[in-house]
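Feature annotations, courtesy of TrEMBL:
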type	residues	note
COMPBIAS	1836-1845	compositional bias 'Polar residues'
COMPBIAS	1849-1861	compositional bias 'Low complexity'
COMPBIAS	1885-1895	compositional bias 'Polar residues'
COMPBIAS	1911-1923	compositional bias 'Low complexity'
DISULFID	1500-1515	disulfide bond
DOMAIN	313-352	domain 'EGF-like'
DOMAIN	681-719	domain 'EGF-like'
DOMAIN	1378-1420	domain 'EGF-like'
REGION	1769-1790	region 'Disordered'
REGION	1828-1925	region 'Disordered'
REPEAT	435-478	repeat 'LDL-receptor class B'
REPEAT	479-523	repeat 'LDL-receptor class B'
SIGNAL	1-20	signal peptide
TRANSMEM	1590-1617	transmembrane segment
């Protein structure tokens, strides 16, 4: 037994000794690969050798048998994957091969080696819309890879191969499982193993590895919500064999060797390589030392890659495969594969010999790609032409591509060519209409071509390629290439074998925007789409551009993107992006429209190959294949839905992003119809054409000549003509035309010049340079018209802008001086002659005074210009020098008639002109000196509109015959007929420049100089208008002194020149309209001349309350920039703005969004780069100003930087008129300087820096004052109050006055604005005495002037001194630039006396800021004091508001005791000594008005004691009426010096003087304070109602009980009394004494609305039997909407004190702010016998008699003529007023006594009965009207507005007045009240002098603007005839027209003739 044990031990020792523990690993560390050996016994590294360096996270594959390793440098995001093959043991690279990725989203996730067949397997993942996987097999010889598996995969990771058994395995990271397939990609098994854990419970699977000897695989799995992983093993052919080997480990990568598992982690744990034994892994885990940096590794041992036991089927003759041989598990044990896109033939061994046959060419921004259509892989492959640099990744922008199947060439356009490193092309574009892929080089504008494999690359077209080329299409039969230029709207053609020579535009007429181009080579047609705003039209034309036919039209909103032709099926297809459809129509006639496919994703480009339409998505990545059914379906009728036989399949959705163009083509075996090709007339020797041959229908052809050539007779030869004619037609708006100078053939051609959108106004030719110039007008944004001069070569190419200006309008003529190349134009808009330089791209006016030029010609040899001057007396031909000057203009030929055109013969020195005399035209000629004038022709059938001279022959366009005709040495002839509406004609030819060009010197050829030849050898440099040339710097300088006049959408600049010491000139230079757009209506104009960009700032009055300003440069053409100021300042409505140039500050006055009743002045710093930085506020509208004692509302502002002065106009609402306030620049030390003579409208401020005076406009004229000398005031101009003027100071002697005519309506109307000169030294003048200027622009140029500004006045701060303005600050003096270079944090000023300050500047701080203690340049924000504290002026301290003006200086700067705060009370103090020895301050407190004081104990007591209420505005305690602020009082003793008065200390007032100390400073128990409080009556009342004790509740309860005991009996008695009174009245008058007419309804009648507000009442008969019919009026007691007038309603605020008035005015039943009403009790109306106040009038109210009240179911009824007496308050009510109010009301005491006496009389007598109304009406006298104010008691105009009553007594008694007196009294009252309210009166006078006539009633109605109407009835004698009615109308300001009072119906009272004695008796009785 012991021997057995010994033998077993020896065997185990032998086994352990023979087991290999030294294992080789190929590991990746950082950026290198190393071969290490590890010892699992000692757990360490035994050796290490670096193999490869400089790699980053490689994917490694090894072939142990061949000692090879493979890695890829970049796993993803490269245009190519570079594979490095290296020797592991020898550390050397064998070779390198690459795989073209094609798209950016492909990334290799893992590599695997088939060591049997020596193939490299790639796992590829394509990231995109879906994460798609792909497996490829690549040979190591670098040939193309084969796609094995793609369409059925999600993602592929951790790929491993088993060439022994013919399988491959990988991890699906999405489904978290293992998948497998054969090595040829067949027989995919998605579930080779049972998945015991659901995929949602697994987060990561990785580290798949094979153990081939044991036929197992292992992988790492991490479960959801777990941080540690587990290793799982599975038997290869046992689906249920998977089990966990070990768990709770950190693992990511794994390998297996013999009995060991190895793994590493990449989570930063630095565990290194860990291992365990497979059978007992959990208990045998170990770690290899010094391997913490290893992440990926492979076991490099023969055992991991065993040899195959069976023969290798691919070893012999590559398994008979033509390309790749792959091992499979089944018979025949191998499979053949082809490269990507190549199909395998039917023998399953051979790949297509020609490679890819059918391909889809795709254009992308990254390059060209092709996708094979032979297989289902659809893998994009790049076309690697030589321009496609693999190393540096050249980026192109390819917009279209085409393939030529005859020459096997690929053509494309490359719009962009930029080189970047390590980047991909990510944008693509496709145009399937032309079946081509194009790309354009945007830098070089080229079309390129190459073969499919990238060979034979060349730049196909390199000349004049625009950026807007979109589509290409090839006619393979005629070998022509067509393309479209979408923006320019033209189609061009070029020969493929002569790309840069034979090129021509075939279509360009009326083609605004083209989209898509496709060719039908069988029928020889072109198809294209023209896109308009409303519709898109698909047209067809022959290939020579003829026979244009509209095929189909669709709405443009469908967004047609591409078209394609199907000639075989006679169909045309297009794609619609908006509708997501592909539509088809019949190709022949456009009928049978049907939907081919729908619900596509943003279809962009389409292409057809065979029976399939391919469509891509512009915004996505998809390519869709639409499989069409048989031809029978295609020929069916229209259909709105696709056929069910049409199948749609997405062939790719993540290959190329942003596709733009695609083309499906046959690459090799294109089934071209050879029979049709042989019939093509252009296929043999180019059809006999010298240049371009294009086939046309019916097997015919046309020969075309290239640009610049003319077709000769015979139709095949092309010749370049020596000369031709260029003309423009009114009907052709997009091109110029050319025509031959020979009669046959005409050769009428479009010149195909780009960028012509309107008919040219004038045309001229430069023969020396071969250029044509033309002028057009355009309408830009906001309907702004501007003119453009363009030029192009005579062949139509090279179109470019020469000059563009909004002032270049209505050009009446143009000519070119061909020596210098300058262009001369007649500007009909500005009435000038201008010279424009193509080099400087600018124009200069040379003649502008008193001329109206047209039709200009130039004689370069004589250096003269000739033009026709149209003036009111006729037309003359004028001449001047080339340089031009107004003095050099002279009349050459007078009275030449209405000239229509001019021409010049420079060889014979003759001038030709054509004129129209009303009957016909004339042709005349004269010498250039004006002599030998001769009329050549004068015929009615000749109306020449344009002339040109060429080779001794005169050519002209005849409007009468619509022909181009000639005149040659007395011979007249017709050259070309049927040439209609020619607007301009010019001869084109090319000649050598024989004369010397003085402008050819280098110093003249700069971009600012306009070369002006002065002689044959000399020239001078001129600048654009108002600029001056600096010969030293060789630049043009802008003007230094000028005036800017602003009007709507326009700035006009006038240059100011000083002609003498006392004189200035504004017209030495022409005025200039600044080329600024988006101006608006400028106000508050200001200028920054120190800025290098010379900015103009203004406020656009059309912007509204936006808080935006605008600015623009006066030297740069462009759009005005809008700057928002509201974000930082909260400004909404801007008023004024001033640029402080020296201080580099912008001052703006504005109103805030939430405070529109006040305004502010904000300041911004103008930085050196002209950006604005907010500084703060210098005037704050939310803080009361000490200068005006109100909240400021600044409007206009003016700034004097060097004088430290800021002026503003304060429009505060509390003042009757505005005032002008002067402050420091910082907003401090303000005071009123002008307080009289100002109005709220029309006031303006102006700064005159030359005299240091402020100029302002007032109601009385224009005034000026010294900045600081207040008595130095002078009036310069006397104006009417309503005159609107502007002022512009020029210098110390003169200012300009701009007077606007207010009668002019509208901003765009012709104005009457004038500018006058006003001399400073002149005495006060009126406007008509001033001299108006003559240099102002005409009315059609300058509209209503909104603002005016003079810049650069002498002696001003903005003077530019002697240095030129060259665009830098060097043009200004150092003192002027001091603030720019200062270190001030906020405001800056430059004093005049700079010696006073150490620096040339002084730093200031805005109102809310102060300077730092240790810095004189930096400002910090002031301490923010609470509302109840006073802020000291130093900004560093806050004191209690009660301490200001107390005689004690609490602020360190003494600002709390300053005169500005305290006024006259600044030195007053009230110090009271108390018996205990402590010293307390018990002085008065100064109110904010600085004039009144109150005892300090009344401060914050809950009641207004100051008249302005300021004593209750700054209370610390929340309820000052109930709480006492202890901190109001302070002790001066030392024992209280530590007491902090800033802390809140509020106690209840009931605790005052209660013997207990509550305040911390013990002031609540001081004897003096208690004495003062005891004298205050309301203090005891407050203590009585202290509800914290039972006393308060008891007192209130007693009051309530007493009130109920008294009120209830009184109410009962009143009710019984009123009931009894009503019964008595009914018994007195009876129930039927008065009736309501049936035609009238009551106010509450439900049947209808009342038509009248009054009714007729029959009164009881009087003693003589007469009966009276009385008009009664009903007044509702509440406001209604039915038009009734209401009685004055009492306010519901009756309990408020008498001084709290509430405005209530009755205006047609509505309330408005008009009058004051104070009611007294809780009733709706005052009770009978009481007074109430109405419109400051005390009136008594009486209820109507009960019988009258019964007439109305609702409301109050009274006689229409009865007055309504309103009474004032009673004395009892007066006694309830507060004591202070009663004192203020003592002035009314006498009035109250009179009222009470009157009350007694009225109360004693009841209201009259109806029986007494007749005599009451007749005999009554006017009642007295009492006023509160006795100052106007004798003024009859004081009758209340809302109830004016006029008494007209027309009794026959001698004591009464007649009707004329009543009328005079009425007119008197109306005149007195006219200023406040305009009324309408209807007066009916009667003949009162007829004693025998019967009496009648005449009514006088007074209508007011508030809708009330009071009618007075007066008894008048009745006349025999109706009285004459006189109507008087008075305008009412509150309404838009005149209001008319309808006459009230008068009822005559017959037999009623009371005598005067009755009236006397009735009166005495009353």
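From the backbone N, Cα and C atoms, a Cβ is placed for every residue, glycine too.
What you are looking at is a predicted structure, and each value in this text was computed from that prediction instead of being measured.
Long-range Cβ neighbours of residue 1515 (disulfide bond) (same chain, at least 6 residues apart, Cβ-Cβ under 8 Å): 1428, 1500, 1525. Across the domain 'EGF-like' (1378-1420), DSSP assigns 0 helix, 11 strand, 32 coil. Neighbour density for residue 1500 (disulfide bond): within 10 A of its CB lie 26 other CB atoms from the protein chains shown. Proximity of distant same-chain residues to the domain 'EGF-like' (313-352), defined by a Cβ-Cβ separation under 8 Å and at least 6 residues beyond the stretch ends, is recorded for 114, 116-117, 119, 136-137, 139, 143-148, 163, 165-167, 182-184, 186, 359, 371-372, 374-375, 377, 379, 381. In the predicted model, residues of the domain 'EGF-like' (681-719) average a pLDDT of 91. Here the domain 'EGF-like' (681-719) is broken down by DSSP into helix, strand and coil counts: 4 helix, 14 strand, 21 coil. Helix first, then strand, then coil: DSSP counts for the domain 'EGF-like' (313-352) stand at 4 helix, 10 strand, 26 coil.
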